[in-house]
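> There's a structure below that I have some questions on.
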Amino acid sequence: MSAASSASYTDPATKEAPNMTDVERGSAANSHLLNTTVHSLAWKGITVTVKDRETKLPKTIVDNVQGIVEAGEILALIGPSGSGKTTLLHHLASRPTNALSTSGTVLLNGVTPPSPRTLRSVTRFVEQEDTLTGALTVRETLYFASRLSSSSSSSSSSDDGAGTTSWQERVARIEGLLDAFGLRDQADAVVGGPGLRKGISGGQKRRLGAASQLITAPKVLVLDEPTSGLDSVAGWEVLIVVASIHQPSTSTLNLFDKLLLMSHGKTHYFGPVTGVAAHYESLGCRMPVHVNPAEFMLEMVNTDFAQDRESAVQRLAEMQHAWTRSRGAQELAAAVAVVEEKGSGVGHLEVVEQKPSLPRVVLTLLHRSFIKSYRDVVVYGIRLAMYTGLAIMIGTVWLRLDAAQESIIPFINAIFYGSAFMSFMACAYAPAYIEDYMQFIKEKRNGLYGATAMLVSNFLIGIPYLFIFSLVFSAISYWLSNLQPTTQAFFTWVFWVFLDLLAAESMVVLLTSIFPSFVISLALIAFANGLWMSVNGFMVPPSVLNVFYKYVFHFWDYQKYVFENMMVNEFSERVYSCAQVESGCQCMWQTDLADQCLIRGQGVLDQYGYKPGHMGRDVGIMMAIIVGYRLAAWIVLKLKR
Ligand SMILES: Nc1ncnc2c1ncn2[C@@H]1O[C@H](COP(=O)(O)OP(=O)(O)OP(=O)(O)O)[C@@H](O)[C@H]1O
């Protein structure tokens, strides 16, 4: 690995350069890469069975696979598409799969880890489709990965630089990784995404994905089809690296120490890269001199494009059988047995997790979300523009209504339309939340933090923005429409718009957590909003609403409380004039002020059964609904694997 560079560094948060020399930085950059804890990763008899999508019968997709990688080695997992590489990688990293059953043993230092957590805490997985936060720069991505993990694992004999990470160490690691992964020139470029400046390239994203895992100081790094950056990973001589790889070039293949060739879930070769030609030669298949060895191997084991598929499958089975009888297979079994024997005398690998505390993680996530919130217009910018537009539209359509009876129905409509539409447009939050959700799933799988930290930070970051939306929307539309023109009524209105948005966003978080797909969650949010609008009391007054909708939905419809309290805010203390006709006075609502040719606003409220004086109770119910949505989302996120 290259030593850390001398380029100046500024904290993404404070923009201050730390005071450290190049020498200090260099040693700090390397400290987390010293692996004196995990000497070997071995596995034997790994078999994974799934329920076949079509036949619904058990189907074995990884069959009795064995292997061993030692510290400083890098293993290539090669095989045709669908040969079981990703499934095996997930199993080795103790990550969730859709398996019906799994069997076999994974050994760390020759012993079975006491729990899957132990294996997870020393392993980091770089997925085929790695999720990154588009609004962050390359340097910030590394910085937050480091902050969230601290040094997430260390051994009891912690001489490997693990434990808590000092500021200097963190800086040095970031700088070292930027250089090692060739990302120095992009350090301050944003990752990119919809609504953002054009970001870094796909290959650079893959490298950043690997670097942001390496910064968390794993002992075992698992990469699913890295397209670039392997040479950087290969430089970390003390790690154990396992990477599935598709059609590597000869030079890429030479980066690997060992090779596991798979087809149809079975092993066809395991051993040094240099030994593969000899193995096939012993089977009577000579590898041509100027051929890419990977291409040759894949041709040997791929039956997908064979003209005579039956004989190709039979030939494949014979070759696989030949492997099981080969010297290579016996040597592999012996090597696994040796580490197992040695390991049994050593005892369990003790892993002490040094995770940051929950408040620290929440603060880090808040910091990350804050950067995203102002840099990525998809998060809040688009909604702010849309709510401003909506406010201007409402304010000018319902322009300067006076306190007369003809304005009463328009006022009611404005109250309903404004509150319902504000709530409806919370669906615009779904894309930004999906990105956070994907990031959460990745980070949860890597053991960085859980549902509590995710939801607390998500809730907190939304509060100021939703309040700004409420204020901007109300400041424009409320006064233009001439709703009850008192300061108290105005701020009561703002407060209810705010609660409306808070509840609507909580519902978006719940539904999108269940179905993290924009189209599905949009359909569900639209449906739910349609339902809440229908039963909130405006369309069908509560006194008329049929009992099913009244008792099943109406009482926990947050829009009911928003609509009711906005109505009370407008009508409970206001008086409206009746129409003057030839025959005298004509009032559309008969109240005790009819003899003065006036309508007391309470008369309008009586039609809906609304009374003032329940604000405290209704705020409490709104809070309960919001907390209910968040708790439900917490359960959903807890259950997600
Ligand atoms: N539920 C299932 N029913 C039927 N086949 C399944 C099921 N789940 C997985 N498979 C099959 O298991 C095989 C192994 O999948 P896996 O993703 O591990 O392969 P891979 O070698 O990583 O493929 P690729 O290189 O294309 O990523 C594939 O052929 C896949 O279609």
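Including glycine, each Cβ sits where the backbone N, Cα and C put it.
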> For the record in TrEMBL, which of the ranges 1-20, 121-140, 181-200, 301-320 is the region 'Disordered' one?
1-20
> State, in range form, which of 377-399, 455-478, 518-539 has the highest count of Cβ pairs under 8 Å to the transmembrane segment (411-434).
518-539
> Under a Cβ pair cut-off of under 8 Å, which of the recorded stretches 455-478, 518-539, 619-637 contacts the transmembrane segment (377-399) most often?
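The stretch with the most contacts is 455-478.
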